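What follows is a short report on a single structure.
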Amino acid sequence: MRLLLAAALAQSPRPQRLWVAFSGGCDSHVLLHACVELRAGLDLTLSAIHVDHGLHPDSGAWARHCRRVCEQLGVDFQARRAQIERRPGQSLEALARAARRRLFADCLGPGDWLATAQHRDDQAETLLLALLRGSGVHGLAAMPARAALGAGILMRPLLEFAQADLRAYAERHRLSWLEDPSNQDLGFDRNLLRHQIMPVLRQRWPAAATTIARSAAHCAEAAALIDASADEQLPTVAGSRLDTLSAARLSALAPERARILLRRWLAQQGFRPPSLLRLQAILTDVLSARADARPLVAWEGCELRRYRDDLFALLPLPPRPEVELRWDGQQPLQLPMGLGKLSFEGEGEGEGEGEGEGEGEGDDSGRFELSEGPPITLCFGRSGLCCGQSKRPSRPLKKLFQQAAVPSWLRPYVPLLLDAQGELLAVAGVAGCRSGAALDQQLLRLRWEGHPWTRFGCLTELVETKAAGLVVIPSASSSGVKPRHEL
């Protein structure tokens, strides 16, 4: 066992820090013990992480047991508490697994690896569960031996071993472990397979777990080939913006090819694959929708939307902000509901860092003052506003959004800045409007950063203003997006 584990850890690039997911059960204790045996020869930092799901009254005692084991082994120990929100239609198993995965991803830094203790019997159970769900080859590939997780790598070095091998190791080294009583609960699908189905299969086919796991490996090879083919074809159906697909180009493909590309595109962006029913809804309802329609297909953690010809996959949109804020513009303003941050910069601020060193400390270049009067009003989704710009007639806000190609479903989240008279001063990320009442004559920049839709390039980061009006300045974050003309 140690030889195979050492070979897995010696892969290039080697981990700088190895985390072991340590529940206190037999399997994870065996993995932790084997890693301790190898620690000196591999020259890495070893840590254990224990997740308390809070689902059992003894979970606190389990965490203390794990801490004592790590102290005896000389291993750094961290315990995390999972937040599990029960949702209708979702199993407790799946919710706990997702919460655990989020915690693991959060703890991994660049160069970190996380080792988990799934074994060959777990792999066989995973394939059978996927088969019962009607999964395709990606689901039937079960658990990969190595995969990206957060900023690091997830590895499963024990997939070649049967559970009996791990139990024999534990007994040989006189390890003490915890027994979670929930592992005997036949209300959980995996436990039913483990305790009632797999024993019957082994009676008839003693090598059942081995051969089922082998089928998972074959499916993994097929899935990798499908992914490689999809990666080659995805650029041919790319949309006009970053991370989007073209509805027209996707519609021209055979349905089975379109489904493969959709799944791969979603996986590349970190979203769980939709069910076959929802995939079909994308093909029939979203791709064929009118250009001015607002089709939506949603599933856990993802919304697929369309604007014009572009398909967008994004996290579920938050509720529309109903707030109205007052802002003096002197300090950055943190927007509600994770919508990022607004700030004003004077001319030259944020540019040429390091230039002009040694100049007098009293230099006021780049500073600005608001004129006397009420502060700026910030609101969202207000109708009936118009944007006036130098050398152009006033335009309704809706027309401005259309010309800037901002998707209709994003517009309610775009901050609108009003001057003391209630006229549009700026549309963050889009354009500025002629208004000399709120700001002085100095050049200012309105920066909107940290919002969830930066990657699409629908909204520019910087808008500049003088008394004569504002113009859109494409930012570095919009690279790869066709620049828009000044507004």
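Yeah, the Cβs are placed from backbone N, Cα and C, and that goes for glycine too.
What TrEMBL annotates here:
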type	residues	note
BINDING	S23, G24, G25, C26, D27, S28	ATP binding site
COMPBIAS	346-363	compositional bias 'Acidic residues'
DOMAIN	376-448	domain 'Lysidine-tRNA(Ile) synthetase C-terminal'
REGION	338-368	region 'Disordered'
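Sequence-distant contacts of G25 (ATP binding site), defined by Cβ-Cβ distance under 8 angstroms and a gap of at least six in the same chain, are A117, W177, L178, E179, D180. Summarising model confidence by region, the domain 'Lysidine-tRNA(Ile) synthetase C-terminal' (376-448) averages a pLDDT of 78. The number of other CB atoms found within 10 A of the CB of S28 (ATP binding site), across every protein chain shown, is 24. Classification of G24 (ATP binding site) by DSSP places it in coil, neither helical nor stranded. Taking the Cβ of D27 (ATP binding site) as reference, residues of its chain lying under 8 Å away and at least six apart in sequence are, in sequence order, A117, Q118, H119, L158, Q163, L166. Cβ neighbour count for G24 (ATP binding site) (all protein chains, 10 Å cutoff from its Cβ): 23.
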